[in-house]
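Data block below; observations after.
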Amino acid sequence: MDASSIIESLNDAQTEAVTAPNKALLVLAGAGSGKTRVLVHRIAWLVKVEQVSAHSILAVTFTNKAAKEMLGRVEDMLAMPARGMWVGTFHSIAHRLLRAHYRDAGLPEGFQILDAQDQLRVIKRVMKELNLDDNEWPPKQAQWFINAKKDDGLRPGNIQHHGDFFVSTMVKVYYAYEEACKTAGLVDFNELLLRAYELWANNPHLLKHYQERFQHILVDEFQDTNAIQYAWIRLLCHEGNRITIVGDDDQSIYGWRGAKIENIQQFENDFPDCKISRLEQNYRSTSTILKAANAVISYNSDRMGKSLWTEGNEGEPITIYSAFNEQEEARFIAARIEDWVQQGNSYNDIAILYRSNAQSRILEDAMLNRNIPYRIYGGLRFFERAEIKDTMAYLRLMTNRDDDASFERVVNTPARGLGEKSVDLIRAKAREDETSLWQAASKMVVDQLLPPRARTAMAGFLHLINELDSSTKEVDLWEQTEVVIEHSGLMDKVSKEKGEKAQARKENLQELVNATREFDPDEMIPEETPDMTPLMAFIAHASLEAGDTQADEYQESVQMMTLHSAKGLEFPLVFIAGMEEKLFPHQMSLDEPGGLEEERRLAYVGITRAMQQLYLTHAEKRRMWGRETYPSVSRFISEIPAELMTEVRLNTQVQRPVFQKQSPIKRKGPEGFHLGQLVQHPKFGKGIIINYEGEGPQASVQVNFEKEGLKKLMLAYAKLEPSS
DNA sequence: ACCACCTGTTATTAT
DNA sequence: AACAGGTGGT
């Protein structure tokens, strides 16, 4: 087999990693060093050269996007489908295992996944039943508590509360929540991981089966694994297996959801003869961008140590822009985007990154104003929209009548006369009988335990679900969905609403039908669960991949997303907006131990997304939660060496005193001039220095004159004088 | 029981 | 600024 084709395009370090014969391989891969490439090529190497069966390979990633990309690239290299190979996120793989072995995992066959929204609803209900006042005991806090415990692999019985009132109350909620999930056949995200772990830990024969099957384990983004994920990998990794992990401690940005950077060090301890391979050559960014990233991250302590370098050219300086306010910041970005495209470049090259989703609105407005096509990732995603969740709730009930979360959601949506009172009666009955709401409701209808009106309405609802289910057993998924949208009355309800949003909702429902049409069940139903219906597969897909926010995937567009979701991506032109203290680094993280360092890693991730040009923008005035704030410039900007940056200040259409403020970045300019300095010119009058380049006789400055606007002047000739 | 309107609260990051 | 939850009228 031709080995050279797999390694010919790789550098020495990459080749070493791809071909390593070791049992355990740890690849410390800096940003832009070809991490995914190494993984893809290593899989190809295993299959083509070492003649390993794809069937014995397990590759784990952190996002569905990454999984899809990896599989696609592997198949391209192999020039054939990688049949039998498991590639997916920890969550999707855990889900797959639990479906295949639901009995051993102690789950009902039709168990369903609870997303964060659903989870919070269930917790709220449970807390209400425990008579916990939700002002004193915010449900969000309980949600956070439960998830954090699950991240660490702890069941309520394993939590020591030492008489602490807070902890013991939370544990009570945790117990009750578990009970609620159990009767309803619901599994939250973290439960997927924890159950999958327990499945193996408690069933040695199953574990043995998978240990023997997965001779080759590869894990991407290892710095993002949490305790339970690591434990799960450790279980699977048996003496005979080979394991490759790839990670970068400087890009660990998920500590808040339980990720442990220490897992990388732990790996070295657990696999003492593991080979460590470092990828330090960056192929992505200009040296300027890389230097800036290295400088920022160097402010962190406790790094594993790694020095990224590049053969790339210096490129453009990093541009800092101080906007008057957030609108103007957005307009500035839009204008730069137009410049970029006018120079013959593509919208696809561009990303706008921000710390929090709330920032996307204003940026979005600016794009709309200038007719710049854009695509927002994150925020409220498709499968999280109310009308979509409603429809999914019907579909879920059709699959699993005991799904209490879905039952509660749609029992009175659209309104059918089953108000809070009636549902309370059902809830009480369910609690009494220790059954699901569906079963309680059925019993009460039969036993005539409800007031006549409610009884009729409830009977109607139960019948509707049964009817939807039985009448669509034989039809395609998309038709099934269409029938549900029509017969449930959801379409009618949405059609009757007025306003712009109603139209969008209608379109979303239409879009859902399209999504089911495009959904390929053959691809999504794993070999080991052939009984899975296309509907079940679709529901799982909807829960595990909330879906992107917008359609039009094929149109060229600017990509807008949070810094977190930008990890793993790269763009020639990158804007990072909102470089302000308390926004980035975020206030919330400043209060947490280690929070600032994680924010700094996030800054590192952001900076290293840029290939050619990077803009860092901030606003001097920003509206936050309705109030005006005057944030100071993010410390991360001051951590970048001044010689790598240039600051622009434009005289924009915003009405304000032009020479209002000194720039926060103070740099020495040539011949005693500096950025932001006011100057006087014999012909052009008063102006402010916004940029300069070159030294000595070559030095030139860019000045924004009050009257004449932007001018570029050679310092040697222009008779510029400082002014006040 | 339902709807419209008002009020208080609340925005980090996400599988 | 936006949304969930609560209040009061029908």
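Note that Cβ sites are derived from N, Cα and C of the backbone, with glycine treated the same way.
According to TrEMBL, the features are:
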type	residues	note
DOMAIN	A:8-286	domain 'UvrD-like helicase ATP-binding'
BINDING	A:Ala29, A:Gly30, A:Ala31, A:Gly32, A:Ser33, A:Gly34, A:Lys35, A:Thr36	ATP binding site
DOMAIN	A:287-568	domain 'UvrD-like helicase C-terminal'
Non-site residues, in chain order, whose CB comes within 8 A of the mean position of the CB atoms of A:Ala29, A:Gly30, A:Ala31, A:Gly32, A:Ser33, A:Gly34, A:Lys35, A:Thr36 at ATP: A:Arg37, A:Val38, A:Asp248, A:Leu279, A:Asn282, A:Tyr283, A:Arg284
Long-range Cβ environment of A:Gly32 (ATP binding site), under 8 Å and at least 6 residues apart: A:Asn282, A:Tyr283, A:Arg284, A:Ser285, A:Leu308, A:Glu570, A:Thr608
Spatial neighbours, same chain, of A:Lys35 (ATP binding site) - Cβ under 8 Å, 6+ residues apart: A:Val27, A:Ala29, A:Asp220, A:Val246, A:Asp248, A:Leu279
Lowest local Cβ density among A:Ala29, A:Ala31, which the record lists as binding-site residues, within 10 Å: A:Ala31
Neighbour tally for A:Thr36 (ATP binding site), based on other Cβ positions within 10 Å of its Cβ: 16
Neighbouring C-beta atoms (10 Å sphere around the C-beta of A:Gly34 (ATP binding site)): 23
